[in-house]
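TrEMBL annotations:
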- A:7-25: transmembrane segment (TRANSMEM)
- A:99-311: domain 'ABC transmembrane type-1' (DOMAIN)
- A:101-126: transmembrane segment (TRANSMEM)
- A:138-161: transmembrane segment (TRANSMEM)
- A:188-209: transmembrane segment (TRANSMEM)
- A:246-272: transmembrane segment (TRANSMEM)
- A:292-315: transmembrane segment (TRANSMEM)
Amino acid sequence: MRYVINRIGFFILSLWAAITINFILPRMMPGNPADAMFAKFQGQLTTSALEAMKKAYGIGESSLWQQYVDYLRGLFSFDWGLSFMQYPTPVSSMIGSSLPWTIGLVGVATLISVFLGTALGVYISWKRKGFLDNTLPIVSMAFQALPYFWVALLFVFVFGFKLDWFPMSHGYDPAITPGFTSEYLLSVWNHAFLPGLTLLLGGLSGWIVGMRNNMIYTLGEDYVTFAEAKGVKTSRLMFSYAARNAILPQLTSFAIAIGNVVSGSILTEQVFSYPGIGNLLTDAVQSQDFPMIQSSFLLIAVAVLVANLIVDLLYSRLDPRIRTGGAN
Amino acid sequence: MQTNISPASQPSMEAPKGGNFRKIFRIFLPFFSNAKSTVGFIIFCIFVVIAIFAPIIAPYDPSAAIHVPNLSPTADHWFGTTNTGQDIYSQFIYSARSTMVVGFGAGILSTIIGLIFGVVGGYRGGLTDAILGFITNIFLVMPGLALMIVIQAYLTASSPYLTGLIIALTGWAWGARVFRAQTMTLANRDFILAAKMSGMSSFRIMVTQICPNMMSIIAGNIMFATLGAILAEAGLAFLGFEDINSISWGTMLYWASNNAALIRGAWWWFIPPGLGIGLVGLSLVLMNFAVDQITNPRLKVQKRRKNHGSKAARA
């Protein structure tokens, strides 16, 4: 129980840290971005919009503390301000419309890569010294070293441009009206295939090598040796004895990956002009849309933090050693 | 160097007290212990040479827009030219420089920060450890790329070196956690106790006793941090958050993709930079294989067990 309280406490503190970083950063930077922003938007926005912006950033009026309190209040009442790049659309509705794209694309790619990678990792550790065991870690290492957005560029070039198998950008064909028609869904699938494949390949190596190393580690434990000597069938040894324990560290990575679903595709989305949250953040930075930058960063951070909390709590259920605080 | 008892599990540290040359040779010896790390080391050396001698190797000024634009590869321009008439081959060569400097600068800096947080926390324990550990955990859970993008957004168009600094300041936490764990296992060993008895100050124990005994972990961390920094820098530059007039592989990719190199089929523009990043990264991963073999004895022991004596275990 103490462990659970401990983890929740850490979650709250780290959430506070993220929120505060988000508050302090724009106010701490040299050259005061808020001023630069005003200079930029002078004449572009209506006076009332400028007033609202001034208020949001508390220029020249309220104390820093008052600004902080206002900021927190706005945050928790989901009043995240209005976007500058698509004024006066509320930031929350823009995020709301791009979030499903990201979660759909990255979520599915992550799930596939976790299951495939873990299964392959078990298989490889099983067939040690086999063809796959010798080649796959090296191939996956090479993938780890490549910048995956560049791999995405290559895919766009080869499969999108040269072979013309898949569309090169966007989330769906703009000529088709969105809706639950087979035509639209097919278009979404076609557009998601290449970015999904990039994300899948980018993540796969980590899962394979991670699971393989965990398996090798647990296969060295005495209880596995004992079970082997006792004559336990190899398949049972692999799944019930070794893999069950080896999967624990994978679970941590899995939760972190789930948390990264929101942010994990910033580069890929940029390459494919995919209408997700990463693209929104990039666009926001390019057009100095500060409410949007702050909100999307906070969203990404909260996703990661919540995923971390979940894994910590889950871990204590799965690994009794942590709950009881024994065995170091 | 020092006269204490080194733990036996660290073969790289059992260097005999020979000449300086022998010592240096000993450090690099593990890189030649297997084919993977040898290949990695050679690729790495090639890029170091390219980075150092870039002005000699590159035929033209990388940013001078003086050539015929949009050329495909020719004898004069091996990788063709950009749409403004810059020589892509020269850009590629010069980019090795900024990438290596930024990568290693950020890698080493973040390892140093990680060492400070990890070793001090692990050695001191108690409240110090609780505070340092908390800060480490915060940085560990913060989404790195997003945080870097946000910082870049407020800084607007930073140089590659500033980017490297940001990468180091945001990405040290993983190393700190590893160092802390390792320090905690070392802190109760006899040779540390002996050093304490002999009246050595805590600071001196950390620097002269603990750090040298986890040299291989430090080396591994530097390599991974460098790889991460190179990829992060390339990513940020590709998104256009770095000064777009700087010369780096990421910036090259930014210009290539923004000038429709893909649709024009100008593969000579966007393939070399990515390949450069990939090769440097691969060399780091391969070299880390050597470090891994030393630091993780279990990987070795296992091979012996599973082979049932069919072949002698090789490192």
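Indices start at 1 and increase along the chain as displayed.
Yeah, the Cβs are placed from backbone N, Cα and C, and that goes for glycine too.
Proximity of the transmembrane segment (A:188-209) to the transmembrane segment (A:101-126) is established through 3 or more Cβ-Cβ distances under 8 Å for residue pairs spaced 6 or more apart. With a cut-off of 8 Å between Cβ atoms, the residues of this chain six or more beyond the transmembrane segment (A:138-161) that come close are 167-169, 194-195, 197-199, 201-202, 204-206, 208-209, 267-268, 270-272. Nonlocal intrachain contacts for the transmembrane segment (A:101-126), taken as residues 6+ away from its ends with a CB within less than 8 angstroms of a stretch CB, comprise 132-133, 136-137, 171, 192, 195-197, 199-200, 203-212, 214-216, 219, 234, 238-239, 242-243, 246-247, 250, 254, 257-258, 260-262, 264-265, 269, 274-278. For the transmembrane segment (A:292-315), same-chain residues at least 6 beyond its ends with a Cβ under 8 Å from one of its own Cβ atoms are 4, 7-8, 10-11, 14-15, 18-19, 22, 26, 75, 80-81, 83-85, 91-92, 94-95, 99, 248, 251-252, 254-256, 258-263, 277, 280-281, 284-285, 322.
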